[in-house]
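Enquirer: Can you keep this structure in mind? I'll have questions shortly.
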Amino acid sequence: MPEMPEVENVRATLQELVPGKKIDQVIVRVPKMIVSTPPDEFVHMLVGQEIEGVRRRGKFLLFDLTNCTILSHLRMEGKFRLMDENEEVSKHTHIIFHFEDHTELRFLDVRKFGTMEVTNKYGEGETRSIKKLGPEPLTQAFTLTDFATGVKKTSRAIKTALLDQKLVAGVGNIYADEICFEAKVRPERAANSLSDKEIKRIFKATKSIMTEAVALGGSTVRTYVNSQGKLGQYQNKLKVYGKTDEPCVVCGTPIEKIKLNGRGTHFCPNCQK
């Protein structure tokens, strides 16, 4: 699933491509992808609207139109591509926004898990999806004090806590593993067992890793590309995720993989305590 660094890079590339484009037709080929609104109403609300800009909140893309905002979640495999109207439509293209300039923004999703919903303009904060999100890791709202308070409140594994979007928005499986490694903390440690120093290390690692991942275009470990079809580069920086049985870059101990609450989880049994 694309995490915050990947979604931010999708946002940035879309922001270069679609503002100013006016929608004259919307085709919904998989109705279940439209949530909170009947698909025909979704289409009716969008025709005639102009895209003014693209924002992001957590793992959600926010398309600001003339009179409304579209919330889009990529889930596991969702991708946006801007194409000419005459280009072949692939079988994995499920939603098409056709523009007056004869281009199309197409939403492709092999697994059909992606979702879209429409809300009042800038009204995403009132939706169930956005209302529950915690602070972004690269904003001033993400503070050590609040983070430590949240961590100390739960007996869940620290990795599980990092994946809780109410604690910090945008961290997923890849970066949670990398954060725990950088902080030298075992991912299965009970969050409320961590010392203040360990919590501070996790906080700092969250900010530094997410910052670098955004700068490098995210991680392409499966099929992720941005909206211009470019691969991420942070996968070349990963130290534990996907490195099962490879030597730790710090100590040489083989990286181990376990299941933690159903998630494949990678760590160094020597460096992380």
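Including glycine, each Cβ sits where the backbone N, Cα and C put it.
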Enquirer: Using Swiss-Prot as the reference, determine which range in 99-133, 239-273 is annotated zinc finger.
Expert: 239-273
Enquirer: Given the recorded positions Lys59, Arg111, which one's Cβ is surrounded by the fewest other Cβ atoms within 10 Å?
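Expert: With the recorded positions Lys59, Arg111, fewest surrounding Cβ atoms within 10 Å: Arg111.
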Enquirer: Which is it, of Glu3, His92: the one of these recorded positions whose Cβ has the most other Cβ atoms within 10 Å?
Expert: Glu3
Enquirer: On a C-alpha basis, identify the one among Pro2, Glu3, Lys59, Arg263 that is nearest to His92 (DNA binding site); the candidates are the active-site residues.
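Expert: Answer for the nearest of the active-site residues: Pro2.
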Enquirer: In sequence order, what residues of the same chain, 6+ apart, have a Cβ less than 8 Å from the Cβ of Pro2 (active site, schiff-base intermediate with DNA)?
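Expert: Same-chain residues close to Pro2 (active site, schiff-base intermediate with DNA) (Cβ under 8 Å, separated by 6 or more) are Val10, Lys59, Leu74, Gly78, Gly172, Gly218, Tyr224.
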Enquirer: Just to confirm: which same-chain residues, 6+ apart in sequence, have a Cβ under 8 Å from the Cβ of Arg263 (active site, proton donor)?
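Expert: Looking at Cβ-Cβ distances below 8 Å from Arg263 (active site, proton donor), excluding near sequence neighbours, one finds Lys159, Leu163, Asn173.
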Enquirer: Where does Arg263 (active site, proton donor) sit by DSSP, helix, strand or coil?
Expert: strand
